[in-house]
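Features reported for this protein in TrEMBL:
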| type | residues | note |
| --- | --- | --- |
| DOMAIN | 3-130 | domain 'CMP/dCMP-type deaminase' |
| BINDING | N44, V45, E46, N47, A48, S49, Y50 | substrate binding site |
| BINDING | C55, C89, C92 | Zn(2+) binding site |
| ACT_SITE | E57 | active site, proton donor |
Amino acid sequence: MTDKVTELVSKCLQARDLAYCPYSRFPVGAALLTADGAIVTGCNVENASYGLTVCAERTAVQRAVAEGHRQFTAIAVTCDIKDRFVGPCGACRQVLMEFGSNWTVYLTKPDGTYKETKLHELLPLPFSPEHLAKN
Ligand code: THU
């Protein structure tokens, strides 16, 4: 594991501890690695109007874009499930796809072990910005 992946995994675990999830009690943490080596984190932020909940991955993306980042090389995602690797929800896969298909998604367990996947494996045959450009 490279130092940068170690850091990314560690930051997503820390981000999970900041989750605001009083309704589901299901904390999720995410850490995005930008092309210039910055790390931007996110956690899930729930709402009393449940449908307004924002997932950890999307919190990280919104924050990163607002901070001027649009190129990403990896994201690490974690939750409290210890016995299997858990992937981002479908909505988050689509939001990640907005920024390219060929980047790495580290599905991370609470003990820091991870499974390395690619976004295009998690969301095959996607709808993406290039389809709009072809109209
Ligand atoms: N959640 C995420 O943050 N990311 C996902 O990819 C799946 C689900 C959050 C949303 C909600 O706060 C809680 O997990 C339970 O669904």
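Backbone N, Cα and C define each Cβ position, glycine as well.
Because TrEMBL annotations are produced automatically, they should be read as predictions rather than curated entries.
Overlay of TrEMBL annotations on the structure.
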residue : record                 : DSSP class
N44     : substrate binding site : coil
S49     : substrate binding site : coil
C55     : Zn(2+) binding site    : coil
C89     : Zn(2+) binding site    : coil
Practice item. For ligand 1, pick out the binding-site residues V45, S49, Y50, C92 that have a CB under 6 angstroms away from one of its atoms. Key: C92
Review point. For substrate, what surrounds N44, V45, E46, N47, A48, S49, Y50 with a Cβ no more than 8 Å from their Cβ centroid?
Key: Y20, Y23, G51, L52, T53, V54
Check your understanding: So what sits near C92 (Zn(2+) binding site) in its own chain, CB-to-CB under 8 Å and at least six residues off in sequence?
Key -> C55, E57, R58
Review point. Counting every protein chain present, what is the number of Cβ atoms, excluding its own, within 10 Å of the Cβ of Y50 (substrate binding site)?
Key: 9
Exercise for review: Average the per-residue pLDDT over the domain 'CMP/dCMP-type deaminase' (3-130) and send me the rounded value.
Suggested key: 98
